[in-house]
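> Below you'll find the structure I mean.
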Amino acid sequence: MSLKSKLTKIQKLWLYYFPCDRILAKRICKSTVNTTVAFIFCLIPKITAHLGAAPAMLPMISVIVHPGRRVGGTIHGAIYCITGLIFGLAYAIFGRFLAQRCLGSSWHELTEAQQHVLHYKRYEAGLAILAVFEVIMLFFHGWMRSVSHYYFGIVFPLFVVVHFAFMDPLNETAGTIAKAYSTPFYLGIAMSIFWNLVLFPEWGTTYLGNTTIDAMNELHKSIDYSINFFIAVDPHNSSQLYSRDPVSLGKLLKMKSLISSKVNNCRVVLHECIYEFTYAYVSPTKLKPIISTLENLTVFINGLVNTCQLEFILLARHDNKLRPDDVAALTLPKNKEISFANAEKLLKVIDKLHPVIYSLHRTMSECMYIAKLVLAHAFDVKVSRVHSCSMFKDGNFPTFSNNANNLPNDVDIQNKINDLKQALEECKAKFKSEMLSFDIDIMSPSDEMFLLSSFLLNFRQTADSTLVIMESVKDILVKRQIQEKKGWLRGKRLWFLVLTNYETFSIWLKGDRNSVTENDTLKGTFNGNTNGFAHDTVIRRPDYEENELLSQKVSSNKNIVKDDASLDLPMTSEPKGNSSSTSDTSSSPLTLTKTTTFGTNRTSRRQGRFSFMSMLISIDKFCEVSHPHFRFGFQVAIALMLASFPMFIPKTRQWYIDYRGTWIGFVCILCLEPSVGGTFWVFFLRAVGVIFGAAWGYLSYVAAVNQTNPYLETVITVFGAIPGFYYLLGTPYVKAAIIEIISIYIVMLAAILPSQDDILTSFAKRCLAVGYGGGVALIVQVFFFPLKAREQLNEEISFVCGCISEMELLYATGLEGEQVASSMSEEKYKKIEKISKSAKEALARATAYKGLTRQEPRLKGEYTELENVFTQVIFIQKQIIERIDTISLLRKQNGSAVIEEFNSVVYPYRRQMVGSISCLMRALQEAFINKTPLPQFLPSARIAHRRLINKVRQTLRIRYPGQISNLSDKARKPNEGDYADGKDEDDDDNEGLVMKMNRRGQANTTANPHEYVLKEKFLSWNASSAASEEIIEYIEELLNLTKILVGVNEFKYGFLSRPLYEDWAAEAVTGFDNFINGKSNPMNTRRNRTPFDGTSIISEGNESLQSTNSNESQISPDSTRSYEPECPVAYEKNDNPAALNLLRIASHKAGQNADGLPKTFRNRAFSITSTSGQLSSLSRHSTLGNADPNYLNDDDESSDDDLPLALKMVLSHMKEKKD
């Protein structure tokens, strides 16, 4: 191996473990230069004389307010730091003033040692006042850090000023203290801003344009790839219109998380721009509507990708050669409803609609490309960043160079908008005309139609969102052209966005991201880029958030209180002295006057009691909401007072000062976290940082040979600061890196500046500070109100389950049969959007907690296996929330025909399905939070959803009986077992779940059913049904994973402990003669060892969509052992039981000429078994309401091969026992 190849290998290995891009390298360079210059200023005596009594604060503040971020982030950090300095300095001077008053008039004449000897009591009282002020400051510091991590940039400088000022001698004046803790701080902040603007400036507005273009590139690519994947079923077809083959499913699924992070980063950078002065033609706020549209576009693209995933399952592409990333990405449960749909029908429809979809896709892709070009020109982004689409064979996309200043003049935006509108209308018309050519069987509600509707609705909404983007781009282009006509000098303006409206001011004051940690605040960048490193701390979700978002009882109670408070007693008689206006006062509320003394006193007492009770309720609510703030406030106060109590005791104060007690408190405050983290791991990292920094400072000082060579000393410190800034800016270990960098300069300056300590003593005292201060912080955080990551993980997963239940209830409208004007109001959608955002943040926290749990000590065995289960749980919850977002936005945009027109008929079925889902999710929520097993019985949402689909299909047949019968004559004859067999009502009507339809007025309905089912609202319901099937399937999988984590309650004894009828059915088949004569011996059934062994026993042959006996298992959520039948058939007394062929029953083989088992016996045997996943295709087909005999290949209806698979399994078990 040559030297060059070895170096290349070493370089790749280095970049793998320590990734670094160009932006990070520039930021490290800026920060290192800034801190080095600050250290050089401390070495110059003339500059040090102007810095006051604490010149070592200059390098420290240069690290805290570092320039290694964008301009907006630096200004943001500077504003927060200055705010903390001002209030901290004022608070410290006030506390010292009161302490000096206790010393009397001699406070400025005597030293602290003399005060200790001459005025001990006064000196002790003054230190007691300082201690009280210190405790109040520490509690406020912890409270503010717990309220919002944004405020860490304010309260940390406040702590530094107050803590260090209280350590200074009490005989120093207020002017000396103000100079010591203002000049170096303000100089360090000014230097950071200077180097941020001079050396590699990063303007947020320019970065905003680049980020928006990058996000639109990914969105554009995802749209093209997903549409190509869906309609290009046969990539080898010569009539294929695309020049590229479809990408793999794995790559398509990975794009969802990528586009989500890109769009979120756009919003973050937009909020960061409010701190900047921008000199440009167009204000950055012009991108706000585009970014909002991109967020909605992300939801529709996720819907497109999900439909591609369903199509992949339906077309059974697993029979073909799969790419490795396809196999890795397709981690789906086996019992997918879509796998039982008819692929031929879907392919037939796609083949018809292929040209229509392609035409709109091509126009939409071209408009997206033009929009990116215009935005790149408007915000001075290099045109080379814009990616064009080259997957169209007849595509003619223009390309431009970077110096194309006349770019907008070559593009007619309005013409492109008109083309897109026309293409959208043509797509709707052609789609309607093409679909009208099919028979009603294809148009009826089915899994194929659900899949197609989901794709078409998301596709159209994507085109509508592109149209909205084009309108916004047109306004930006017009604004840019107007400003350009004024010339370069007058055209550009200075934009400052912080005080433009209340929203930007609120963001500036409080921030807009609840998931920001203190590390992100110190780092100054909120894009979550940690270069592959895991977070060491996570922000904890406020306890009151769950009550605000998920507690329906609280909101209802508020309404009750409000209503009760507004009730007034009616007047029964007219008060004295008010003889006039009788008609007015007779109907008015009771008015109490001064003459009614008794009533006034009674009312005043009631009002007093009500006010007192209201005050108690408010206090109780405040304490409940502020519980985590109290907890961390007490933690900070206890830890810091344990670490620094000697500074407030007269006898130990001087000793504590000599041992650098301020360092102990400084290390202790940085080791305390209001977040959940690996406490021992974080303490270890920060201890290593302090020791390494102090050792590097010692090395630098020794290399300078006792300050004889300060140049070499400075150069060596640079090599120690570079890795520190790398860990500060490029990894989540921010506070460990801060302590390491500060320790380098603090240890050196303690020996360089006039003091009694040499360099070795300073190194030892710094190590003592991390051992004592960090140890105290560790003890307090472990034993005083500890937070455990594994408990927080369960809480977050439980919270997400509650969010899903609440979103499902908000998504459902009209569950009581009432008439609703809109199926999704704006208010409900805003609530769903808010809950969805909180749930996604909770999932991000759960992912971090999952990694942190490995660092915690555990006594219950290894955590590795449980971590894999939690990984799957988080993934499934994310998929559920993603699909609820999609269907909610689709319903808001298009409505729902079933809710708005059929709700009076189908609402009991909708209510049962929604209630089942909500019940399941609430049961999971309580199981996770309480760590209790699941109950024995849980409702089946899958069956409820199938019944809803069947009822909608039946309602359509009742609404249009004549048209459907005419269309059905051309089609095949329905199967005998089909649900849609012409009956007006099914068996569930006898249970009172469905209301009879009023036949009056329906006979006059002559509308074409094709016209109805092609309405946008009905397509929206079809699309939501496809997503609802997926949601139910994921919920069942989540239920199974929950059983692994918390277990499930099972009946150990009694009738429900095992399926007794299974033994009866087995004996009826194997020993019919003995069974008839009453000589049967009950067999001992074997119970499953684990509730998840279903996949091991269902292994009789390969899976096939055309097979009559499907072997895929469907695990019902009702119990861990038994499986609920999908289609139980009641026993009919009119059937003739004499048609049994005992020979065939005993042989288990289908005869050629003999009659088989009667249909009633087979159905009855199926209904009494406890396995639903092992059904014949006839039963599955009957449930779905499809009646295609060619598709099912059910040639012999009475064949013995149609016996339930569960019955065959029992027979196989019996043979094994005999063997």
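Glycine is treated like the rest: Cβ placed from N, Cα and C.
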> Out of Tyr207, Tyr544, Tyr1191, report back the residue that Swiss-Prot marks as phosphotyrosine.
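Out of Tyr207, Tyr544, Tyr1191, Swiss-Prot attaches the phosphotyrosine annotation to Tyr1191.
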> Looking only at the topology recorded in Swiss-Prot, are Arg96 and Glu795 found on one side of the membrane?
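Result: no, Arg96 and Glu795 do not share a side in Swiss-Prot.
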> If you check Swiss-Prot, which of Ser586, Ser1110, Ser1176, Ser1199 turns up marked as phosphoserine?
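Checked Swiss-Prot: the phosphoserine annotation sits on Ser1199.
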> Would you mind telling me which one of Ser401, Ser822, Ser968, Ser1167 Swiss-Prot calls phosphoserine?
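Going through Ser401, Ser822, Ser968, Ser1167 one by one, Swiss-Prot annotates Ser1167 as phosphoserine.
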> Considering the residues Ser515, Ser1107, Ser1113, Ser1198, which is the one that Swiss-Prot annotates as phosphoserine?
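Checked Swiss-Prot: the phosphoserine annotation sits on Ser1198.
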> Cβ under 8 Å, sequence separation of at least 6 from the ends of the topological domain 'Cytoplasmic' (1-36): give me the contacting residues as numbers and ranges.
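Distant contacts of the topological domain 'Cytoplasmic' (1-36): 59, 62-63, 66-69, 191-192, 195-196, 199-200, 202, 531-532, 714, 717-718, 721-722, 725-726, 728-730, 741, 745.
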> Please spell out the DSSP helix, strand and coil residue counts for the topological domain 'Cytoplasmic' (706-709).
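Breakdown, helix to coil: 0 helix, 0 strand, 4 coil.
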> The transmembrane segment (124-144) vs the transmembrane segment (630-650): three or more C-beta pairs under 8 Å (separation of 6 or more)?
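Between the transmembrane segment (124-144) and the transmembrane segment (630-650), contact is present.
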> Does the transmembrane segment (184-204) come close to the transmembrane segment (710-730), meaning at least 3 CB pairs under 8 Å for residues 6 or more apart?
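With fewer than 3 qualifying Cβ pairs, these stretches do not touch.
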> Would you mind splitting the topological domain 'Extracellular' (58-74) into helix, strand and coil residue counts from DSSP?
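Secondary-structure composition of the topological domain 'Extracellular' (58-74): 11 helix, 0 strand, 6 coil.
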> Please give the average pLDDT for the topological domain 'Cytoplasmic' (754-766) in this predicted model.
82
> Cβ under 8 Å, sequence separation of at least 6 from the ends of the topological domain 'Cytoplasmic' (96-123): give me the contacting residues as numbers and ranges.
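Contacts with the topological domain 'Cytoplasmic' (96-123): 129-130, 133, 165-166, 169-171, 173-174, 177, 650-651, 653-654.
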> Counting by DSSP secondary structure, give me helix, strand and coil numbers for the topological domain 'Cytoplasmic' (1-36).
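The breakdown for the topological domain 'Cytoplasmic' (1-36) reads 30 helix, 0 strand, 6 coil.
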